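Trainee: This is the structure I have questions about; it appears just below.
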Amino acid sequence: MQRLLFPRLKALMGNPCLRLLGPRAAPRTQCGCSCGIRHLLRPGQYSTISEVALQSGRGTVSLPSKAAERVVGRWLLVCSGTVAGAVILGGMTRLTESGLSMVDWNLIKEMKPPTHQEEWEAEFQKYQQFPEFKILNHDMTLAEFKFIWYMEYSHRMWGRLVGLTYILPAAYFWRKGWLSRGMKGRVLALCGLVCFQGLLGWYMVKSGLEEKPDSHDIPRVSQYRLAAHLGSALVLYCASLWTSLSLLLPQHKLPETRQLLWLRRCAHGTAGLVFLTALSGAFVAGLDAGLVYNSFPKMGESWIPEDLFTLSPILRNVFENPTMVQFDHRILGITSVTAVTVLYFLSRRIPLPRRTKMAAVTLLALAYTQGRLLFSFIF
């Protein structure tokens, strides 16, 4: 009986149509002990029909593992930290009036700073050809020039570090297959925004190097370009932070109550209000509008200054009149602090996860700390 059945069974199993139904054994190699090690299937080998369907597009592609998502999330968290550092360093560069000290822009050549006296003198001579030196810093020494040059140099080099922090790991994770289809789109958008941010930075600096024969004002960059540069950095920071936290922190499932809906709307509105306040601060910095009035809460002797609408048409005052720009920034700042306070008290009335409550408390503390710093800065 065995002699009759086994040959027929072997013949059936040798049929290529039936071999797809069973697992395909991988080759075994000896490891020096009594057991063999099964190798992974090579590309093009499928052990089941479901794998054939997956490869042909009729199945669903599995997402990266949780470990890979944690690695990507931590990488994006580091990226958001580098963007925050760039914003802080850019603010220091603005306060020290160092942004126009480097009059050239070259992605590779300017990475090497001057090392000899002749190189420093040549760099200083190039700076002397532009309006900031002619109008504002005509008595500047070489030592003073080195300070503002190094401030701008550090900001530009930090920007290159930010770009490498995004692009190099993104290429590695993409090649390793650790990015889902949706995450690939987000990462491409973030890397594109980093490159756009660098070009926008030079476009902003270029506006301060242009000769303006009909103007004798202090040379400064365009407040519109400065606001765009800061705004894109804030968008990059928020997008990176949000994406990283969505990968690292599990999402809480809360009941959709009316109170929760109001809290969510208030949070979105507060975020937009804080963003507008930050952009208005860029206009204040671009026009040096913070120096117009140094009293608070009044502006001079009145609550509403008389020179709010000195330009024509009226809309120009919102963006080009220093008095109006400072007035708008004050109103937006007070409104933002009020909105954060309301958001905090709304969060107290709803049963929320512990980390959400901590976020509301931290936001409130930061808002009042920011207000206190602004008040001390004015006086």
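Quick reminder: no glycine exception, Cβ is built from N, Cα and C everywhere.
Heads up, here are the entries from TrEMBL:
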type	residues	note
TRANSMEM	75-95	transmembrane segment
TRANSMEM	157-175	transmembrane segment
TRANSMEM	187-205	transmembrane segment
TRANSMEM	225-249	transmembrane segment
TRANSMEM	270-293	transmembrane segment
TRANSMEM	329-346	transmembrane segment
TRANSMEM	358-378	transmembrane segment
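Show me how these features fit into the structure around them.
Mentor: With a threshold of 8 Å between CB atoms, the same-chain residues lying at least 6 positions outside the transmembrane segment (75-95) that come near it are 151-152, 154-155, 158-159, 161-162, 165-166, 169, 173, 190, 229-230, 233-234, 236-237, 240-241, 243-245, 247-248, 285.
Through the fold, the transmembrane segment (187-205) approaches residues 76, 79, 99-100, 102, 105, 156, 159-160, 162-163, 166-167, 170, 173-174, 179, 221-222, 225-226, 228-229, 232-233, 235-236, 239-240, 243 of its own chain, all at least 6 residues removed from its boundaries and within a Cβ separation under 8 Å.
Long-range contacts of the transmembrane segment (225-249) within its own chain (CB-CB distance under 8 A, at least 6 residues past either end) are made by residues 69-70, 72-77, 79-80, 83-84, 86-87, 90, 183, 186, 189-190, 193-194, 196-197, 200-201, 203-204, 207, 275, 278-279, 281-283, 285-286, 355.
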Trainee: Taking the transmembrane segment (329-346) as the reference, which of 157-175, 270-293, 358-378 gives the largest number of Cβ pairs under 8 angstroms?
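Mentor: Per the Cβ under 8 Å count, 270-293.
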Trainee: What residues elsewhere in the chain lie close to the transmembrane segment (270-293), defined as a C-beta under 8 angstroms and at least 6 residues from its ends?
Mentor: 94, 218, 220-224, 226-227, 229-231, 234, 299-300, 305, 319-320, 322-323, 325-326, 328-329, 332-333, 335-336, 339-340, 343, 377-378
